[in-house]
Amino acid sequence: MRAPGALLARMSRLLLLLLLKVSASSALGVAPASRNETCLGESCAPTVIQRRGRDAWGPGNSARDVLRARAPREEQGAAFLAGPSWDLPAAPGRDPAAGRGAEASAAGPPGPPTRPPGPWRWKGARGQEPSETLGRGNPTALQLFLQISEEEEKGPRGAGISGRSQEQSVKTVPGASDLFYWPRRAGKLQGSHHKPLSKTANGLAGHEGWTIALPGRALAQNGSLGEGIHEPGGPRRGNSTNRRVRLKNPFYPLTQESYGAYAVMCLSVVIFGTGIIGNLAVMCIVCHNYYMRSISNSLLANLAFWDFLIIFFCLPLVIFHELTKKWLLEDFSCKIVPYIEVASLGVTTFTLCALCIDRFRAATNVQMYYEMIENCSSTTAKLAVIWVGALLLALPEVVLRQLSKEDLGFSGRAPAERCIIKISPDLPDTIYVLALTYDSARLWWYFGCYFCLPTLFTITCSLVTARKIRKAEKACTRGNKRQIQLESQMNCTVVALTILYGFCIIPENICNIVTAYMATGVSQQTMDLLNIISQFLLFFKSCVTPVLLFCLCKPFSRAFMECCCCCCEECIQKSSTVTSDDNDNEYTTELELSPFSTIRREMSTFASVGTHC
């Protein structure tokens, strides 16, 4: 029989082994006690285990308490997996899983959740706890338990997500407390924590399709930040491609408005083609024919240049705006198109006045075989005065014009852009005061300078010139009767150009009067109609002016036909078989506006200085 001391020593060793076994099994999350709470083999009573566990782990940190804390954590994780998704609802006829987010954006919270779900919040808080609460030195059993728990959680929901990388993704990204995750599918996350998050232009993007949305920003169905979901009550966001709103198609579908667009397009093509060809022909005739370089023809070529500029530059921009309700060059075209148009009106006004003065001088010198004695410098000086005066008088239009955008009420459509008269308050004081003065006097200045001055002055000068021509015709001899007829013909041409100009400028003045005095009683559609009519009449004037010159002025029509038929042998043979009387009339007609020549000049001399085409 053994001694009692040996029995006590054996019992002490058994208790020590049981204590070590309880500690190891608690660290692994396994309870050693059985259902009847009795000790098996080398185990001890549950009360001893509970007491030893409390002594080993500290108050409230026994193995059973840790197991109790783990159960709600798993329930929270399951609830997070079964939570509602934030995807867009599927469009009709598309994949039903393509978008459940609009439903979530309408029913769900407009902003981010206040805090991530339970497990993530607990991990983030654990990373911020001081190290002394978990023990010092070697890793404690609680740390081992957390590591094993995280490894067990790796599965369909958290495969490849380690506790360390997940903790870093929350701790190292600035403003991590404001970041949240939007699941794309139920049970699938929208983020990856294998690699550090990379910043994109619109937010923080993870890797392998994981994306972190910014506060108040929901992800699209494809998980990209480029296409933002419009949240209720917030502004619409999107990438640069989505910001490019669709332009209006004026030709489809076929409606009453599309028929009007086709009519506008066809009319503009006719005006563009006729105006470009006619004005280029006038400029080429004057530049390539030495005998046509008189002061009057130079003025007409200058007028043709500005008409060409109006048609070539302004007409496409105006038509584009009329069809799409958008200015092609935006603010630049809004300012430069009115400026060129008003400058063209000034050039036309001053050119008509200069032509009237030139015709009056020609009529008073008919009996002396009127010849142009002005040199090139004198002609250049007159053209420079016309240009500088017209450009300076039109300069306030650049200051007054501002681009305004109006919403059409159609989703996805570009807002309508209008070029309105509005003075910017950012201008310097001097320019601002001048702009206000010009704006208050613009109506009467426009009417007086660009309508009354050319029409009244031209009509008055034409009447005086016609009277001089009649007096010269009564006292003339048969030798210069043809010259007098040509002067009368040219005077009628100037009057016809003035009538055409006055007719085309009337709608612009009517539009200005309506805008100044009757703007409240007239609808916007009526104002738009008046504007487009005045624009088209201005282009029509620029298109018809060369046609009128070719019809009423024989030197221009003959030179145009020679330029068109200079390569045709039939036209050359036909021109060589004319009668001597016709040759004399043509010779007199061509010399009517020729520089540095008289009627007595020989045909050979004339032929040597003339160049065709």
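All positions are counted from 1 along the displayed chain.
Cβ coordinates come from backbone N, Cα and C, glycine included.
Look at Swiss-Prot and you will find 1-26 tagged as signal peptide.
The topological domain 'Extracellular' annotation in Swiss-Prot covers 27-265 (among others), and the record cites sequence analysis as its basis.
Residues annotated as N-linked glycosylation site in Swiss-Prot, with sequence analysis given as evidence: Asn36 (among others).
Positions annotated as region 'Disordered' by Swiss-Prot: 80-138 (among others).
Residues or ranges marked as compositional bias 'Low complexity' in Swiss-Prot: 89-108.
Swiss-Prot lists 109-119 with the feature compositional bias 'Pro residues'.
For 152-172 (among others), the entry in Swiss-Prot reads region 'Disordered'.
Taken from Swiss-Prot, the feature N-linked glycosylation site applies to Asn222 (among others).
The N-linked glycosylation site annotation in Swiss-Prot covers Asn239 (among others).
Residues or ranges marked as transmembrane segment by Swiss-Prot on the basis of sequence analysis: 266-286 (among others).
According to Swiss-Prot, the feature transmembrane segment maps to 300-320 (among others).
Sequence annotations record features per position, and here Swiss-Prot assigns topological domain 'Extracellular' to 321-335 (among others).
Taken from Swiss-Prot, the feature disulfide bond applies to Cys334-Cys419, supported by sequence analysis. In this view, Cys419 (disulfide bond) is surrounded by 19 other Cβ atoms within 10 Å of its Cβ, with every protein chain counted.
Listed as Cβ neighbours of the transmembrane segment (336-356) (distance under 8 Å, sequence separation of 6 or more from its ends, same chain) are residues 296, 299-300, 302-303, 306-307, 309-310, 313-314, 317-318, 329, 382, 385-387, 389-391, 393-395, 397-398, 401, 419, 449-450, 453-454, 457-458, 461-462, 465, 494, 497-498, 501, 505, 538, 541-542. Under the heading transmembrane segment, Swiss-Prot lists 336-356 (among others).
Non-local neighbours of the transmembrane segment (380-400) in the same chain are 295, 298-299, 302, 335-336, 338-339, 342-347, 349-351, 354, 421-424, 427, 431, 434-435, 438-439, 442, 449; each lies 6+ residues outside the stretch with a CB under 8 Å from one of its CB atoms. Annotation comment: Swiss-Prot describes 380-400 (among others) as transmembrane segment, evidence class sequence analysis.
Taken from Swiss-Prot, the feature topological domain 'Extracellular' covers 401-443 (among others). Secondary structure counts, DSSP: the topological domain 'Extracellular' (401-443) has 15 helix, 13 strand, 15 coil.
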The topological domain 'Extracellular' (515-531) - residue tally per DSSP class, helix then strand then coil: 11 helix, 0 strand, 6 coil
Structural state census, the topological domain 'Extracellular' (321-335) (DSSP three-state): 9 helix, 0 strand, 6 coil
Stretch with greatest number of CB pairs under 8 Å, the transmembrane segment (300-320) reference, 444-464, 494-514, 532-552 candidates: 532-552
For the topological domain 'Extracellular' (515-531), sequence-distant contacts whose Cβ falls under 8 Å of one of its Cβ atoms, 6 or more beyond its ends: 443, 507
